[in-house]
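Going by TrEMBL, these are the annotated features:
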BINDING   Gly13, Ala14, Gly15, Lys16, Ser17, His18, Arg118, Arg153  ATP binding site
BINDING   Ser17  Mg(2+) binding site
BINDING   Asp35, Arg59, Gly81, Arg136  substrate binding site
REGION    173-247  region 'Disordered'
COMPBIAS  212-221  compositional bias 'Basic and acidic residues'
Amino acid sequence: MTSPVVVLIGPPGAGKSHIGRALAEYLGVGFRDTDTDIERSAGCRIAQILEREGEAHFRVRERRAVHRALAGHSGVLALGGGAVLEEATQRRLGRHRVVHLAVAPQQLAARIGSAATRPLLADDPEGRLRTLLAVRNPIYRRLATWTVPAGGRSHLVVARIATLLAELPAAHGPAPAAARPPGPPARSGAAAHRGPGDPLGREVGGGLGRAAELKTGDQLRLHQPGHQQRPPAGHPLQQVGPAAQHL
Ligand SMILES: Nc1ncnc2c1ncn2[C@@H]1O[C@H](COP(=O)(O)OP(=O)(O)O)[C@@H](O)[C@H]1O
Ligand SMILES: O=C(O)C1=C[C@@H](OP(=O)(O)O)[C@@H](O)[C@H](O)C1
Ligand SMILES: [Mg+2]
């Protein structure tokens, strides 16, 4: 049994696939995208599965692909934007380091363009994204170890995530060597940023959805909000720095 270095979640167009691939390269680990796994096993594109079988059947395929990848991939794992809707997946994500990539709806829509490959957003991508975000943002935030603003340049988003990974040891073994930046530890501003610069205009990265505490060995115990909302005193994740403005 293995475990991903990090799992990327967030809405369509947030950059889970794009940033995930770049992050994996930066860290020197493998990259896996559950949408690609689904397409391989179905022998056709996601858009075709959605059109032929409907969303409910697609979610069943997706759940299987996600659970397989969570248990069998040791690098960076990107999920499809709707994978977090499944309760069984939500439970499993509680055992992993999860990064929620947060991007404002207008920017998501601009990245997605005509949405030809995303039938769930057809006709009115920005309107559909807003509806979808209203339902999913609370879920993304609740499941996230960190919410990272991802509207900025790719290499800055990658560097931010790598810094966060270096600060919090993984549930199964240490962070990859490349995730430990040289020199003094960077501050975790982007992950703990709250304020007018935030692309959703509200609680993007306003603290941890879950705080982490090291238990026996390298087992990582994650607390749900309500039990402990902040990292231990002095932990670097408590620090708020200016870096968020650059993402
Ligand atoms: N930080 C970024 N800067 C510029 N373009 C980006 C960035 N992140 C993603 N993109 C682009 O946005 C589009 C959607 O990205 P993608 O990785 O497919 O999103 P997701 O997998 O979250 O749906 C792609 O064309 C990708 O190249
Ligand atoms: O948000 C969603 O419901 C979906 C997102 C897509 O993946 P990306 O988020 O990688 O675009 C893909 O899984 C499918 O079109 C459904
Ligand atoms: Mg993707």
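Using N, Cα and C of the backbone, Cβ positions are placed for all residues, glycine too.
On the structure: features taken from TrEMBL.
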{"residue": "Gly13", "record": "ATP binding site", "DSSP class": "coil"}
{"residue": "His18", "record": "ATP binding site", "DSSP class": "helix"}
{"residue": "Asp35", "record": "substrate binding site", "DSSP class": "helix"}
{"residue": "Gly81", "record": "substrate binding site", "DSSP class": "coil"}
{"residue": "Arg118", "record": "ATP binding site", "DSSP class": "coil"}
{"residue": "Arg136", "record": "substrate binding site", "DSSP class": "helix"}
{"residue": "Arg153", "record": "ATP binding site", "DSSP class": "coil"}
If you check the binding-site residues Asp35, Arg59, Arg118, Arg136 one by one, which have a CB less than 6 Å away from any atom of ligand 1? none
In whole Å, how far does the CA atom of Arg136 (substrate binding site) lie from that of Ala14 (ATP binding site)? 13
Grab the substrate binding residues from the record (Asp35, Arg59, Gly81, Arg136) and give me their largest CA-CA distance in Å. 18
List the residues of the same chain that sit at least 6 positions away from Arg59 (substrate binding site) in sequence and have their Cβ under 8 Å from its Cβ, in sequence order, or write 'none'. Gly82, Leu85, Glu86
Annotated binding-site residues Gly15, Arg59, Arg153, filtered by Cβ under 6 Å to ligand 3: none
For ATP, whose listed binding residues are Gly13, Ala14, Gly15, Lys16, Ser17, His18, Arg118, Arg153, the greatest C-alpha pairwise distance in Å: 23
For Gly81 (substrate binding site), list the number of other Cβ atoms lying within 10 Å of its Cβ atom. 25
Given a separation of at least six residues and a C-beta threshold under 8 Å, show me what packs close to Gly15 (ATP binding site) in the same chain. Leu101, Val103, Arg111, Ala150, Ser154, Val157
Please report the DSSP secondary structure of Arg59 (substrate binding site), reduced to three states. helix
